[in-house]
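Quick notes on the structure that follows.
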């Protein structure tokens, strides 16, 4: 859980350090990163579910 907190803080810092259009892209990247952090906590559930596994292969060792 502490790792999740650190990743969210890092993503927030990256977003706040950019400006203009780059900030918009950074927010999208931060949103994707925080979504993956949440999925990482549920990795066993996701890897055993074919729909989740096909949507997020990076969690289960699949190709990107």
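Backbone N, Cα and C atoms are what each Cβ position is placed from, and that goes for glycine too.
Model, not experiment: these values are computed from the prediction.
In Swiss-Prot this protein carries:
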type	residues	note
SIGNAL	1-17	signal peptide
DISULFID	46-52	disulfide bond
DISULFID	47-60	disulfide bond
MOD_RES	61	glycine amide
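Neighbour density for residue 46 (disulfide bond): within 10 A of its CB lie 17 other CB atoms from the protein chains shown. Every protein chain shown contributes to the tally, and the Cβ of residue 52 (disulfide bond) ends up with 17 other Cβ atoms within 10 Å.
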